[in-house]
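J.: Not my notes, these are from TrEMBL:
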{"type": "BINDING", "residues": "A:GLY57, A:ALA58, A:SER59, A:ASP63, A:VAL87, A:GLY170, A:ASP175", "note": "ATP binding site"}
{"type": "DOMAIN", "residues": "A:54-237", "note": "domain 'tRNA(Ile)-lysidine/2-thiocytidine synthase N-terminal'"}
{"type": "DOMAIN", "residues": "A:285-315", "note": "domain 'Cytoplasmic tRNA 2-thiolation protein 1 C-terminal'"}
{"type": "REGION", "residues": "A:316-348", "note": "region 'Disordered'"}
Amino acid sequence: MPAPPCTSCHAARAALRRPRSGQALCGACFCAAFEAEVLHTVLAGRLLPPNAVVAVGASGGKDSTVLAHVLRELSPRLGISLHLVAVDEGIGGYRDAALAAVKRQAARWELPLTIVAYADLFGGWTMDAVARSTAGSGRSRSCCTFCGVLRRRALEEGARRVGATHIVTGHNADDMAETVLMNFLRGDAGRLARGGGLGSPGEGGALPRCRPLQFASQKEVVLYAHFRRLDYFSEECVYAPEAFRGHARDLLKRLEAARPSAVLDLVHSAERLALVPAARPPRPGSCSRCGALASRDLCQACALLDGLNRGRPRLAIGKGRRGLGEEGPQGAPGDRAQPPASETIPAF
Amino acid sequence: MAAPLSVEVEFGGGAELLFDGVKKHQVTLPGQEEPWDIRNLLVWIKKNLLKERPELFIQGDSVRPGILVLINDADWELLGELDYQLQDQDTILFISTLHGG
Amino acid sequence: MCQVGENYGEPATEESQPAPRPGLDKTPVLDCKEGLPVVVIRAGDAFCSRDCFKAFYTHKFRAMLGKNRLIFPGEKVLLAWSGGPSSSSMVWQVLEGLSQDSAKRLRFVPGVIFVDEGAACGQSPEDRAKTLAEVKLILQTVGFPWYLVALEEVFGLPPAVLRCSAQEPAGTAGAYKAAVDSFLQQQHTPGTEGAEDSPSLAQQQGQLCQPPPQGPMGLQSPTGPPAAAQTEALSRLFHSVKTLTAKEELLQTLRTHLILHVARAHGYSKVMTGESCTRLAIKLMTNLALGRGAFLAWDTGFSDERHGDVVVVRPMRDHTLKEVAFYNHLFAVPSVFTPAIDTKAPEKASIHRLMEAFLLRLQTQFPSTVSTVYRTSEKLAKAPRDSHDTAHSEPRCLLCLCTLDVDGADSATAFGAQTSSHLSQMQPHTALAEAGMHPVPCCPPEVGSAQGCCRGPCERGDPRVCVLEWLCYGCRVNMKDLPSLDSLPPYILAEAQLRRQRAWVLQEVQEYLIADSDGEAETA
């Protein structure tokens, strides 16, 4: 059974069938269509205005590698300048190899690169130190919670240092779809309310963030990287990912096999969800310590660091969040009625 | 009786971690009664190449969902998936989409 | 009444809350004098006697109807009965609720509709006849007016089924109270109770529906089998659908249209469906994966007002499948097994099957899964996000009758799923150039004329484009699995044509008006 000819150029043999349309395309036509679609996402959503200085959150993994490459291809047309910002979480063995990949990319594509380290930003706390500190809790999930919150903060900080006006991250359609599935399975209405849309406009002084690959499925991102011969780092973080996301991911892969457009259909659904007013999270205020957006007195990052510094790391996670900030060290009774921490893991 | 085949089996995107980190494997498939297809190639890989945690690579008689298969750089979906009959000098590439972001 | 566990509160009565739950961590300590436990519903909920469980079960049903106050006394309510356990249980709850000895009598006027889907599910005529005989036997026992409709009858539906009535469903608390009062007054007049107005029904039917394909829809009258040509057309339609996912959705759509038509034709203003909480959780997740995020509250909420004049109500939504199964078993509620379209299909064959299997499996690991999903669905709003008004004039999806959720300007998914084929068909460089040349296309080609912003008339004579432009995102994705839309029942195609003509006329008029005012401005 030979591969059919490409339905676009009719010259080359098709190399893949697109999940969204079922079309058979050759590698070159696929890559061109992929780039055109990212361009459309950026333009139609007015994500990155001309003259924007864009900080690309670079991890060395496939998504951020593809994002950086595509935006670099598109940057003359968009009139934007790019700056790679990598975060060094301080995870021995794992992060060094990933950062090496980012450095290679920066050199090859001649893009400026800035690396910000947790240790410098957060008073000496590396992820390895956090992990040791939370080890007693016996759950790897708390590790990912810390890392997610702190990485978001670190990226914001790095972007400011390089004078960026916008932040882009490599989240793809699969990430979005997994998240919406998880939010339903966990009954997390607060995050559902914020899950849709292409990004945050940057309220409260935060830099606007967006996800230009939000409509590209994981499969297409990987194939794009393959056909463009991009060199990326692919190794699982030593702190294993949250088990529950594994369930959602597994389900998503099955759904995709039954209906290739399922990933995008889920993203569409997530964009269109509407919550009753009572279920929407309250308008966030600002953190009393750092001024960032916060639904409580302290923003999530400051709350986590506060807990770490006081030797009670789990204080800021989930229900254990009682007793933070201005409240005394022990759980304050009045705090109970508040909604659960909606920022434990940032939506994005 | 199918003659022995020489094919290149390649792993990427993190899938190589299950194969001692080796990405490219030049292999010779022995002659056998029935023709070699992807289905029995997977069985052969499991027996001869896979070093650890087979469930992360093979589930049922196919690859784990989320692992892409490219035959001579074309998506196996275009070529009959498990039923594709291997030819001498084919390149079969398995890319995991499940690792890292 | 039974006592379950140590921290058990007051005994459950019909007026009180449903039976309180003992602590989930404890094995229930049963301390009932009446008998041994017979049912364990979820960890910790044990009911020692049949009566106890029955009170709990019935209370849930009544409470669901009571707290929503949507069904008025004397109102005609059509019970959609599939023969399956949940809807059978629902019919039985209504039957008991209407009986005289019941303390809190239900006061509405029920009818039952059964849709024979045999042709879509590939049943043989013999098997269908056998099923129908069983169905009729049960319907006769129940004694409500009933309608046995074959799915084939969709080929005789009028296009008007797809129009939403502008009529607002009445529903304020005041109106409800007034209706109760006037009903109670009527009750004192002898002779009116339970009067069957069959003649006027027949009249209504004559007015409302197009000439039915073969005789009237069977109101307590034996219907002959549907015409062979229609059976043939229906099975051809379903055979042509490429995926089980799209088949399931199509079946659901056609069934809904048919029930809606029968309800309207016979003056029913409410339709009750028997989805359990388990089923609704599965449906919610399934529809999420089908791109129906905007409509989840309609698809799974207690009431569904999308049709305007006929409101769909889901009174079984607090009951779990397990509760239903136990109740039906303990109280010998009859049900009819009919093969569904996905019976015996492998788990991975459709989004529906996958989601069902996934949730039920997760439920065994995390026993709160179904209820968590279900409770989250309660937090969804029926208005699309950031929409200011939900005027009735908004275009509705031709198939699911929800407001269209496809607009190119702000949603790149619509772009992704709908126009990427168009983009990638172009030469790579053209694709880039084109996207670059039109920085913000006002809408993707296929949506254009539906939204009326970029006047791209769909190619004349292409029914596919013509139908697609009137579909919501999810229904468009489904229709992709249908190679030819020509095999759809005629009323759908006819309504699409009508809408297109109307949109075209409207546009002409608007252009005329604009040109006119321009002219005036110039002369002035």
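Glycine is no exception: its Cβ is also placed from the backbone N, Cα and C atoms.
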J.: In DSSP terms, helix, strand or coil for A:SER59 (ATP binding site)?
T.: coil
J.: Run through the Cβ atoms and count how many others sit within 10 Å of the one on A:ASP175 (ATP binding site).
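T.: A 10 Å sphere around the Cβ of A:ASP175 (ATP binding site) contains 23 other Cβ atoms.
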J.: For the domain 'Cytoplasmic tRNA 2-thiolation protein 1 C-terminal' (A:285-315), jot down how many residues DSSP puts in helix, in strand and in coil.
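T.: Split by secondary structure, the domain 'Cytoplasmic tRNA 2-thiolation protein 1 C-terminal' (A:285-315) comes out as 13 helix, 4 strand, 14 coil.
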J.: Taking the Cβ of A:ALA58 (ATP binding site) as centre, how many other Cβ atoms lie within 10 Å?
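T.: Looking across every protein chain shown, the total is 32.
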J.: Near A:SER59 (ATP binding site), which residues of its own chain have a C-beta under 8 A away, given they sit six or more steps off in sequence?
T.: A:ALA86, A:VAL87, A:ALA98, A:VAL102, A:GLY170, A:PHE233
J.: Determine, from DSSP, whether A:GLY170 (ATP binding site) sits in helix, strand or coil.
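T.: In three-state terms, A:GLY170 (ATP binding site) counts as coil.
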J.: Please work out the number of neighbouring Cβ atoms within 10 Å of the Cβ of A:VAL87 (ATP binding site), leaving out its own Cβ.
T.: 27
J.: Looking only at DSSP and grouping its letters into three states, which state does A:VAL87 (ATP binding site) belong to?
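T.: It is in a strand.
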J.: Any idea of the Cα spread of the ATP site, A:GLY57, A:ALA58, A:SER59, A:ASP63, A:VAL87, A:GLY170, A:ASP175, as a max distance in Å?
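T.: Per the listed residues, the maximum Cα distance equals 20 Å.
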J.: What is the pLDDT of the domain 'Cytoplasmic tRNA 2-thiolation protein 1 C-terminal' (A:285-315) when averaged and given as a whole number?
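T.: Looking only at the domain 'Cytoplasmic tRNA 2-thiolation protein 1 C-terminal' (A:285-315), pLDDT averages out to 74.
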J.: State the count of C-beta atoms found within 10 angstroms of the C-beta of A:ASP63 (ATP binding site), not counting that atom itself.
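T.: Around A:ASP63 (ATP binding site), other Cβ atoms within 10 Å: 26.
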J.: Count the Cβ atoms, other than its own, that fall within 10 Å of the Cβ of A:GLY170 (ATP binding site), considering every protein chain shown.
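T.: For A:GLY170 (ATP binding site), the count of other Cβ atoms within 10 Å is 25.
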J.: Secondary structure at A:ASP175 (ATP binding site) (DSSP, helix/strand/coil)?
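T.: Helix, per DSSP.
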J.: Counting every protein chain present, what is the number of Cβ atoms, excluding its own, within 10 Å of the Cβ of A:GLY57 (ATP binding site)?
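T.: For A:GLY57 (ATP binding site), the 10 Å Cβ neighbour count is 26.
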J.: Of these binding-site residues, A:GLY57, A:ASP63, A:VAL87, which are close to chain B by the rule of a Cβ under 8 Å away?
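T.: Filtering A:GLY57, A:ASP63, A:VAL87 for a Cβ under 8 Å from chain B leaves A:ASP63.
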